[in-house]
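Okay, structure first, notes after.
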Amino acid sequence: MGPWSRVRVAKCQMLVTCFFILLLGLSVATMVTLTYFGAHFAVIHRASLEKNPYQAVHQWAFPAGLSLVGLLTLGAVLSAAGTVREAQGLMAGGFLCFSLAFCAQVQLVFWRLHSPTQVEDAMLDTYDLVYEQAMKGTSHVGRQELAAIQDTFLCCGKRSPFSRLGSTEADLCQGQEAAREDCLQGIRSFLRIHQQVASSLTSIGLALTVSALLLSSFLWFAIRSGCSLDRKGKYTLAPRSPGQKSGCAQRVPC
């Protein structure tokens, strides 16, 4: 396979990769939106506590996710435009966006490895505080918030050997609600599914980003050297020989 054929294949691969990165960005944007505005996360975030353990995690996750979506989308658009127009500047811009997106995803992976239960612990701690506040009867609002959490997660109460609230808990789950699972397990089950989806998107994102980095760097050097999809080489005018009225064009291979 000659240099021109390799460039042509790389361009096709770059366009396909950009398309899948745009789909990935749409998926990540959907997940970030559901994480911020979804009922399961919002009902925990709205708990009126003096110090909500989950609030800090909820606040930084949204801008961080949107920043990653912006980098992926901008990188895909710039790289696709640079591939079609054979523009070095656009291709370099796409490479920079993909580099930043790759660093962000690697940082996310390290955070997940270093603190795998941070989000789960924050949500469970928040539920524990709302539960204790409601069971102690210090606030009617606490009862309403606890009921909202339990209706959202389709759970009721908690079965913990460390509970010290006495018989008041027995009045919480009655009738059909008594058949529901405890909320500690319900929250864990929901977060387990959510984290599996997030891990899958991160793995796909890393693979696509690495592929885009390699392709964009290769195409940048190819464009700089003069190889393109429509031209198989550079054409220069040869010196005029005796008896000729003008010079003739000669092709110089890439």
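Even glycines carry a Cβ here, placed using N, Cα and C.
Automatic, uncurated: that is what TrEMBL annotation is.
Disulfide connectivity taken from TrEMBL links C173 to one of C155, C156, namely C156. When you check TrEMBL, the disulphide partner of C155 from the set C103, C183 turns out to be C183. Of the candidate ranges 12-37, 90-111, 204-223, 12-37 has the most C-beta pairs within less than 8 angstroms of the transmembrane segment (57-78). Neighbour counts of Cβ atoms within 10 Å were compared across the disulfide-bonded residues C155, C156, C173, C183; the minimum falls on C173.
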